[in-house]
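To start, the structure itself, in structure tokens.
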2 protein chains.
Amino acid sequence: MSSSDTQQHRARAQDRLSEALAQGSLADVRRILLKMEPADVAHLLASTPPRHRQVLWQMIEGELESEVLNELNPELRLEFLSGMEPSDLAQLAATLDDDDVADILQQLPDRVTFEVLDAMDQQDRSRLEQVMFYADDTAGGLMNTDTITIRADLTLDVVLRYLRRHEEIPEMTDNLIVVSRDDRYVGLLPLRTLLVSDPSHSVREMMETRQAPIPVEMPDDEVARQFERNDWVSAPVVDENGRLVGRITIDDVVDVIREDADHSLMSMAGMSEEEDTFAPILKTARRRTVWLAINLVTAITAASVINAFQGTIEKVVALAVLMPIVASMGGIAGTQTLTVLVRAIALGHIHQKNQLWLVQREAMVGLINGVIWAAVVAVAASLVFDDWMLGGVLAAAMVINLITAGVSGALLPLALERLRIDPALAGGVILTTVTDVVGFLAFLGLATAVYGT
Amino acid sequence: MSSSDTQQHRARAQDRLSEALAQGSLADVRRILLKMEPADVAHLLASTPPRHRQVLWQMIEGELESEVLNELNPELRLEFLSGMEPSDLAQLAATLDDDDVADILQQLPDRVTFEVLDAMDQQDRSRLEQVMFYADDTAGGLMNTDTITIRADLTLDVVLRYLRRHEEIPEMTDNLIVVSRDDRYVGLLPLRTLLVSDPSHSVREMMETRQAPIPVEMPDDEVARQFERNDWVSAPVVDENGRLVGRITIDDVVDVIREDADHSLMSMAGMSEEEDTFAPILKTARRRTVWLAINLVTAITAASVINAFQGTIEKVVALAVLMPIVASMGGIAGTQTLTVLVRAIALGHIHQKNQLWLVQREAMVGLINGVIWAAVVAVAASLVFDDWMLGGVLAAAMVINLITAGVSGALLPLALERLRIDPALAGGVILTTVTDVVGFLAFLGLATAVYGT
């Protein structure tokens, strides 16, 4: 087996669906859809262009609808939900996880949110309001309230009998949460421990107290780092008084990890991690146009630097030929440094004491690679244009620009981070402006000094 | 609490460590280190520049050493391990997870690997050889062999008593794996089910058979997608005959997800996702230089296009001023398309039937944004240089280049993927070459047609 059966199976289902859609045989489409897993339907919707997507969505009903919504990426989910009635939304909400419903409601207009909350039963509403109280990029926004709690003074035997009275234990339950009489977090009793221990022991004897609970205000990326570092499946969440308010499970954390990692990638091209691959033409054009406008400012800034040296270029046209090399090598070197820093910041690798070392290293790396490639390019240019002066100017400009690229590629994200501006989003544009301007200025400036105007 | 206590606590420990290191009081360093969690020590090593890093590593001994190694990123881990004796490695290996040891051994020179395997006891060796048999980017390379298996004809009561005979149940065990007499995978018995069900039921009655096992050859990114889609904590792995060979747990899958997402980000800047943030100067310079060399070829190609139009530039120097705008806007637009496609491919959103739609959309988006910004820039340029012909040439070149950018930004990754070349790595360079060459060619070519040489 070179690839997976499941994958092939899914691809086949998709092919049959596409054919059925193309032929307009909606009965076939419905039949195939109903046999698919919700996660696969969500994946299918995400990879279908707009027109067919709407057709597909309209054929998904009842329980499958809420299960599919639960699996969809946030942008698509919001698109589908915006078209629904508040009463249908309230019904749907009852079948989704608290944290997902909270996310959805926070994205909808306030008016709709209130209508949906009104249409819910008392219990659902109060549980939900608890989660919605917290920002969705904090532990509170990630958590669910489906905890199973026990007291420390019980024996394991009693715990086992208590569990048996449950219809079911929530998914991703690897620990029972031990709390005090006033609901303060005390420790965890892993199911793994419960199952192998002598039932006459007490919870207090067997519970683990090493795992610190997660404060409800902790940012979601820090929650993700804690999960990754400690290999948790679930973790208890406490409020500022140490009272248990819910628990976070690894499936939601995996989404945070995926989104954070995608965030760096997409932001560096001026897009959002929630960007829908198959967004319609006009929506796509509108979103991208802002980024182009911002980069146009960069390009015009660079052009106006060149503009100042028209006289020199008229005299030595070879400058026009070579100047993009200086700018582009600077841009490439700077982007490398910037990317390393953006990732390091996302991973929490950067702190006060190690920043200076990084900036210094990047300056040295810029110097070394600048000298190497400046030498190569300068010799080649000197031979082609039969002008060793030109080669010298080119080499000097490249070294200057590569050192600038290294230093600014390292300093920029650190400065932006401190100003609470997303370095992945803003870093690239500012960096390119710097390397373009310094590159053209150094090259054409030195040339003017050497050749005169 | 604006930030997390844990985070602050860790930052404080790091500050105290840095001070102790700076003052050379190694006794203090050791004392602080021994109080830290292994995952935090690993994080500390990853965020420490080289000189201090070596000092720190030498102070970590015994059990902590193997626990820290287990948490380190692969590049750093390999660096530390390369300095160790095979007999120490063998001892270490006994304390690490099979899949991690297999990864490590596969990276070491063959000679060292054999020595390490020789120094192991029989049981460890044969278990390990089973895992090492599979490539480390497949399910087989990800799996561990610490499964708890049961037969379908047992009653839950017998299963409970069987479990109690275990010293402990492996971490991340959410299901017991049901196998037939000849070790074929039959189904899963969730601990959640075991704990709430009537003990007189049989495993067969209560087990789940819906979750398909993972074929041992499945690529790791597909394994990760399955885990994400189905919210699994662990999953059984079977060989081509349906025999259970191990299980994969979510902690290892999270690492795959993180690495895959980082891969796209880092590759687009020509680096590896395993890149060590605090690699020494020479190592960093050497790695980055290759990427600069490749991009230099792009820059020189672009320069040689300009070179062909020296005559036209001499006549109209404004062309030299404006030409970077055409190339850079193309590069930006193309990078946006490329990034969307790279992510979509990583998420498995792209298949045969939806590719054409995407390419068409990107062409249309390029046309729309091309026309908008071409108009703006062309009017501005015409006014600045008092030459409406120049504005027209600029506008036409920009529209041509933005459509080219959209189409090639979409086609390139699709083509590279089919050729089994990493689109994240190769896409950007080729794309920039295309947008630079087409940009300069269109702009200077049209200008030559209009102004003559």
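Even glycines carry a Cβ here, placed using N, Cα and C.
Remember, it's a predicted structure, so these values are computed and weren't measured experimentally.
These features come from TrEMBL:
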type: DOMAIN; residues: B:143-206; note: domain 'CBS'
type: DOMAIN; residues: B:207-265; note: domain 'CBS'
type: TRANSMEM; residues: B:290-310; note: transmembrane segment
type: TRANSMEM; residues: B:316-342; note: transmembrane segment
type: TRANSMEM; residues: B:363-385; note: transmembrane segment
type: TRANSMEM; residues: B:391-412; note: transmembrane segment
type: TRANSMEM; residues: B:424-451; note: transmembrane segment
Same-chain residues near the transmembrane segment (B:424-451), Cβ under 8 Å, at least 6 residues beyond its ends: 263-264, 267-270, 294-295, 297-299, 301-302, 305-306, 308-309, 311-313, 315-316, 319, 322-323, 326-327, 329-331, 333-335, 338, 341-342, 346, 389-390, 392-394, 396-397, 400-401, 404-405, 408-409, 412-413, 416
Distant-in-sequence neighbours of the transmembrane segment (B:316-342), which means Cβ under 8 A and at least six residues beyond its ends: 264, 268, 302, 306, 309, 350, 358, 362, 365-366, 369-370, 373, 377, 381, 385, 387, 390, 394, 397-398, 401-402, 404-406, 408-410, 412-414, 423-424, 427-428, 431-432, 434-436, 438-440, 442-444, 447, 451
Distal contacts, the transmembrane segment (B:363-385) - CB-CB under 8 A, six or more residues away: 318, 322, 325, 329, 333, 337, 391-392, 394-396, 398-407, 410
Within the domain 'CBS' (B:207-265), residues counted as helix, strand or coil by DSSP: 27 helix, 16 strand, 16 coil
Counts of helix, strand and coil residues, the domain 'CBS' (B:143-206), according to DSSP: 19 helix, 17 strand, 28 coil
